[in-house]
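Residues annotated as active site, proton acceptor in TrEMBL: Lys37, Tyr265. Sequence annotations record features per position, and here TrEMBL assigns N6-(pyridoxal phosphate)lysine to Lys37. Sequence annotations record features per position, and here TrEMBL assigns substrate binding site to Arg135, Met312. Under the heading domain 'Alanine racemase C-terminal', TrEMBL lists 244-369.
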Amino acid sequence: MINDRPTQLRVNLDALLNNYNKLNSLNNEKIGLAVVKADSYGLGSKVIAEHLYQNGVRHFATATLEEALELKDVIKDSMVLVLGVINSQNVKYAVENNVSLTCPSKEWLEESLVHLQQIEGKLKIHVKLDTGMGRIGTSDLEELKEIDNLLDSEKIDFEGIFSHYSNADGEDDNYDNYQTENFERSLKIFTHKPKYIHIENSAGTVKYSNRDDQYNLTRIGIAMYGCYPSGNIEKLDKVQLEPVASLVSKVTHVKKFQAGQKLGYGVSYEAKQDEYIATVPIGYADGLLRRAQGFKIRVGSEECEIVGRVCMDQLMVRCSKNVKVGDDVLFFGEYSGQKVSVDEFAEYQNTISYEIFCCINKRVPRVYYKNKMEL
Ligand SMILES: *Cc1c(COP(=O)(O)O)cnc(C)c1O
């Protein structure tokens, strides 16, 4: 199919794999599970999971059952864990496709067992403990005992037990320690021993790489995609992440403006002097949100402010007379010799890299490349 529009989300698969390998080798005792939920944070899970698989990765996680099933043919014999809660009526799809599920509560397990009685095979589960995130999983010790009893069932393959840090990217370890203590207390309840015990996300993977603990798997998300979970984690200076994703485009139009001339919806911008305005084909329908107004993007080798409101499909920047139609535009990442961190782009808009990636609409083609020479 023709690809006419120059706006692209470029994804460097080598950088992604390097990041995974660096994070995975921070702690050799633990397996690095690649979190590819939400279409790999918007970057495209089919291609990414397949690339990781071809390079030896055998542990993955998604948010939903649908996401897991979509990946099964590219990651074949790997473990794929659904991190969210699935409808227990659908557990048969997990069993048939060798997908591991999260057990969020005793009720869920009881209901799932009813459905499991009607089918062949065992369900692989990871029991979720709520140690302080307050989202899914249980913290009630009585309930955990009952879950442990239900694990006797021959329909269950008790593969894992896990929890999730809610502030591992924060300034101090206080809340992590509170959660770790809760986790340890709950783990003692279990008479059955699972294959995997895990609590760390990207931030925890970096922060607790030297910790002596009984956990044997870490769940790596945002850091694999080239972003530090926060400045606190970057400051630890334990791992050098390579940028993975770049949002790029090209100038489609340039015009000269006279002082006093106005532009854009709501005419929120007026030229103070004679200047040039360039138009770039990206807008909020692509996930380049209106709150990016005022951010300075790279156009050729210049820094140009987004002026006026971001439209649905286009936006305008103020530039010098040197800017020409066809010049390269970079919002974040690396492109034609320019570099802008996604964190800078995210911070300007009062958000985080995770949200920036996930908001880039499917209209923007994902273009994969494997080494920097192809930039
Ligand atoms: C999304 C998610 C992760 C990955 O988090 P990052 O901060 O991106 O590393 C890990 N575990 C769970 C349960 C998640 O939902």
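Cβ coordinates are placed from backbone N, Cα and C, and glycine is handled just like the others.
A map of TrEMBL features onto the structure.
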residue : record                       : Cβ contacts under 8 Å, 6 or more apart
Lys37   : active site, proton acceptor : Ser45, Ala61, Thr62, Ala63, Thr64, Glu67, Leu83, Gly221
Arg135  : substrate binding site       : His164
Tyr265  : active site, proton acceptor : Gly308, Arg309, Cys311
Met312  : substrate binding site       : Gly283, Tyr284, Ala285
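Across the domain 'Alanine racemase C-terminal' (244-369), DSSP assigns 23 helix, 51 strand, 52 coil. Note on the domain 'Alanine racemase C-terminal' (244-369): mean pLDDT across this stretch is 97.
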